[in-house]
């Protein structure tokens, strides 16, 4: 099955397995690689190495495989805390997820939590694998569990009635027995993933955005801002907006430079300098973004989903309370903000993950799904994602 050479001709999609502990996420991951990739056994996936993302230690296993139609990068995490951190930091961005539910147990607390997190952090699509069906003798019971899963998904605003639910046994597939619930179920699952989870728009095809990292003035030519283009394309002559921190202004890009060479355009992934017409050195600063006019607005108030580091991870040693005022680091800059805790929450302990409201002292170019770090005096004490913009 293994391909000699990685062909970049197929569209690429990032997915992962989510769900309650011991429901079979890692076994399923192994079974998929057995049929569609270079086989990785359970042990090698389960002993995932630790990585650091935004100062947070996360264990994540990365595997890749391909179907007729697509190439997939797939993440699987050994522990529940790793999932929470992964989803919140966006360390492994997912275009869709395979929710694994044990048919004998039905949805459990972490099943719920992962669906809620998926909704908050913007995982747009889910496909369900109902695992361990050989442990349930009663056909009606399977139907009830499926209904329960669909209702749970609907309650978190996923289209529960439309989401594919594939019954099977990942272990049977891995051990090469009972093809009807084993191997065939994995084929059905990947066919559903192929069809139901759309290929995301490539970064280049999205509206232009570049966080400003530095500002220079070049005598006789004007002001140059530098940064890495996050998405889209900028052409010489394009009208662009400068958004965040101050009032939004418009300007025209009169030149694009990369490695000291003049180009006609810069695109997603490029580190460029953009020459701005009629903007003086004081008129623009790090922390603002250049973007396609009207594509992103500045905001100060939002609902966040956040993970607070433990003291072992270098975070706080003590809890924080209402009106906590740390810095929120968005893209390239820190902005002070006040935390408004949800009703009934008195304090937040290191190691907690929760939802709260934030009000910043200056507006930031913001959209749902934007990641940030929570810092105190330059030290990271948490990570979060904009779940919903309020104003």
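Every residue, even glycine, has its Cβ placed from backbone N, Cα and C.
In the predicted structure, the domain 'tr-type G' (10-201) carries a mean pLDDT of 94. The domain 'tr-type G' annotation in Swiss-Prot covers 10-201.
The region 'G1' annotation in Swiss-Prot covers 19-26, and the record cites similarity to another entry as its basis.
Sequence annotations record features per position, and here Swiss-Prot assigns GTP binding site to 19-26, 76-80, 131-134. In this structure, residue 80 (GTP binding site) is part of a helix by DSSP.
Sequence-distant neighbours of residue 26 (Mg(2+) binding site) (same chain, six or more apart, CB under 8 Å from its CB) are 17, 42, 45, 46, 61, 76, 78, listed in sequence order. Per Swiss-Prot, the feature Mg(2+) binding site maps to 26.
In terms of DSSP secondary structure, the region 'G2' (55-59) contains 0 helix, 4 strand, 1 coil. According to Swiss-Prot, the region 'G2' annotation covers 55-59, on the basis of similarity to another entry.
Only residues 6 or more beyond the boundaries of the region 'G3' (76-79), in the same chain, are considered here, and those with a CB under 8 A from a CB of the stretch are 16-17, 21, 25-26, 29, 45-48, 58-61, 63, 86. The annotation region 'G3' is assigned in Swiss-Prot to 76-79 on the grounds of similarity to another entry.
Away from its own ends, the region 'G4' (131-134) comes close to residues 23-24, 27-28, 100-104, 142, 167-172, 178, 181 of its chain (Cβ-Cβ under 8 Å, at least six residues beyond either end). Feature annotation from Swiss-Prot assigns region 'G4' to 131-134.
The DSSP breakdown of the region 'G1' (19-26), given as helix, strand and coil counts, is 2 helix, 1 strand, 5 coil.
In this structure, the binding-site residues under consideration are 25, 80, and the one with the smallest number of other Cβ atoms within 10 Å of its Cβ is 80. Same-chain residues at least 6 positions away in sequence with a Cβ under 8 Å from that of residue 19 (GTP binding site) are, in sequence order, 25, 99, 100, 101, 110, 111, 114.
DSSP labels the residues of the region 'G4' (131-134) in these numbers: 2 helix, 1 strand, 1 coil. Its Cβ placed at the centre, residue 77 (GTP binding site) has 25 other Cβ atoms within 10 Å.
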